[in-house]
């Protein structure tokens with residue numbers, strides 16, 4: 001405690017220094033006798049004031065000195081941590097790097113930060129039971145295998161009216177009638193045991209070398225190795241993220257997105273279960289089935305649900321599982337989810353909003369979507385699931401909701417016959433002239449032609465709208481690059497094309513191929529099929545022009561280069577669309593090159609995307625040592641691997657008997673009742 005000369009007031013920085021000056025003056029200019037004559041109290045106050053001032057100054061200097069030391073230590077510590085972390089990342093990247101050189105679907109969705117990489121533990125081969133056990137309750141048998149097409153005529157299988165349309169030569173592989181969803185029975189088990197040895201190894205770096213099958217291997221071997229990729233993805237999810245939405249396969253943790261309504265919605269289980277079934281992974285399928293039956297509940301959602309994503313992943317997955325097995329609980333849970341989404345349709349026009357809050361029972365749109373508009377690709381991609389749900393339940397309300405949306409769009413004024421990406425759900429009018437077959441628009445067009453096929457070609461409104469949109473797309477959005485590549489540009493407004501094409505838009509070859517086989521006019525049929533093949537070739541070029549032979553999120557066309565990407569848009573998040581387009585063209589033309597292209601992509605994914613506990617997206621497809629984004633998307637299991645697998649099991653789940661939704665969940669084609677429409 002410091003006091004002034006009167007020993008009453010506390011001293012501060014403002015009072016210490018003036019008092020010192022006074023004391024020094026007195027000491028230098030006052031005579032000794034005069035100083036001795038002062039009373040004792042004054043002398044003592046002078047003494048204590050000097051002492052207090054010196055202590056105060058020393059304390060202040062010490063504090064300043066300590067603060068400077070602390071800041072220096074903190075700076076050195078931060079620098080040390082940065083250096084250690086950087087070295088750790090570099091060392092771990094070496095662990096995950098594949099040694100062998102193998103070449104041959106935000107996001108709206110779908111921006112992550114790479115977490116520290118964990119060195120994988122030893123991967124142990126697991127022998128999978130391919131044949132179902134005696135107690136397996138599998139209701140739906142494997143689909144029929146039609147006879148092979150006539151040699152030399154790849155187009156003889158382009159008419160859905162013929163039961164033999166989708167078959168092709170099995171490349172020496174025997175029929176897969178022994179498995180729950182395809183496979184080669186006992187023969188597959190022997191081949192599979194060999195394939196596991198090529199994928200796994202005691203050396204962690206060796207274990208990431210991946211699939212090593214060459215172009216001369218049979219379809220059965222390639223099926224088995226794709227099946228092993230699915231098993232590896234599932235096992236990592238089960239070990240490190242069970243019950244959560246998605247897996248972080250590098251850091252071995254949980255990943256989720258805000259589109260799922262919470263972190264405990266088990267998106268990977270519901271989305272990927274039918275792939276497990278189709279590929280004959282009986283044990284893994286039973287794990288998924290038991291979880292869905294006993295633990296999955298839409299009431300666990302405690303955040304906003306994306307109406308679109310919930311419909312295509314959850315309702316779509318459950319409906320397919322019901323169609324495959326006949327287990328009633330799948331249908332019951334699909335109904336429960338659909339009922340939770342009903343508030344989205346409570347708009348003036350019936351156009352659904354994008355988000356539903358399941359706790360409050362309210363709906364909303366994204367604030368960034370043109371002032372709160374609804375998004376075409378979302379509200380326009382609900383038809384297959386809701387129509388099929390009404391068909392199997394006999395309840396019209398689900399079909400009526402999506403039929404209302406279809407009617408509004410059919411009557412809407414469409415600029416140049418095109419459907420812009422945003423619409424006001426209150427007025428039913430488009431709010432912008434941005435048109436895209438990539439994000440925001442894509443699956444709306446896909447669902448028009450598929451709705452026609454799903455109803456056994458009775459949905460004439462869907463066909464009319466699809467043909468009109470197809471003609472408008474070809475007239476306004478189709479361009480040819482200087483090197484001859486066909487591509488579909490985006491239209492920011494109707495008069496300003498952006499000469500780029502997204503990975504998402506590479507579903508279009510499959511869409512045009514499906515349109516071609518349902519076209520009666522032979523000239524138009526051939527034109528559509530050629531367009532599908534031309535666009536598939538462009539998507540293939542986007543793959544083979546990168547160092548990884550994996551295509552980027554977006555690729556551009558200009559006066560000096562084609563199908564090249566830009567920084568920030570050159571990642572790959574395990575999307576399926578390119579493989580999807582190749583799958584349809586293989587099934588519908590029988591051209592071997594599409595299977596070869598799929599296998600090339602599978603090899604590249606295995607090499608660059610395999611992580612310690614699953615498969616991860618990569619941040620730069622143009623790097624031969626790309627960083628992984630540490631996310632295993634649920635659609636990798638549901639779509640990417642499924643399309644790849646079915647390309648080598650091409651007689652299973654034929655396209656004249658099943659329609660795949662935009663998440664690759666197959667629904668059986670049905671004949672609606674002429675009276676009820678169900």
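If you go along the chain as it appears here, the first residue is 1 and each next one adds 1.
Heads up, the Cβ atoms here are built off N, Cα and C, so glycines get one too.
TrEMBL labels come from automatic prediction, so no person has curated them.
As annotated by TrEMBL, active site, proton donor applies to 309 (among others). Under 8 Å, Cβ to Cβ, and six or more positions away along its own chain, residue 309 (active site, proton donor) finds 259, 260. According to DSSP, residue 309 (active site, proton donor) sits within a helical segment.
Taken from TrEMBL, the feature active site applies to 442 (among others). The secondary structure of residue 442 (active site), as reduced to three states from DSSP, is helical. Its Cβ taken as reference, residue 442 (active site) is surrounded by 26 other Cβ atoms within 10 Å in the chains shown.
DSSP classifies residue 553 (active site, proton donor) as coil under the three-state reduction. Annotation comment: TrEMBL describes 553 (among others) as active site, proton donor.
If you look up TrEMBL, you'll see 577 (among others) marked as active site. A helical conformation is recorded for residue 577 (active site) in the three-state DSSP classification.
Cβ contacts within 10 Å of residue 662 (Ca(2+) binding site), excluding its own Cβ and spanning all protein chains shown: 27. Annotated Ca(2+) binding site per TrEMBL: 662, in sequence order.
Among the features that TrEMBL reports, disulfide bond is placed at 506-539. Every protein chain considered, the tally of other Cβ atoms within 10 Å of the Cβ of residue 506 (disulfide bond) stands at 31.
Taken from TrEMBL, the feature transmembrane segment covers 54-84.
Here is what falls inside 10 Å of the CA of residue 577 (active site) among the recorded positions 442, 506, 553: 506. Checking each of the recorded positions 442, 506, 539 against residue 662 (Ca(2+) binding site) by C-alpha distance, the shortest gap belongs to 442. Across the structure, residue 442 (active site) and residue 506 (disulfide bond) place their CA atoms 9 angstrom apart. Within 10 Å of the C-beta of residue 553 (active site, proton donor) we count 23 further C-beta atoms, all protein chains included.
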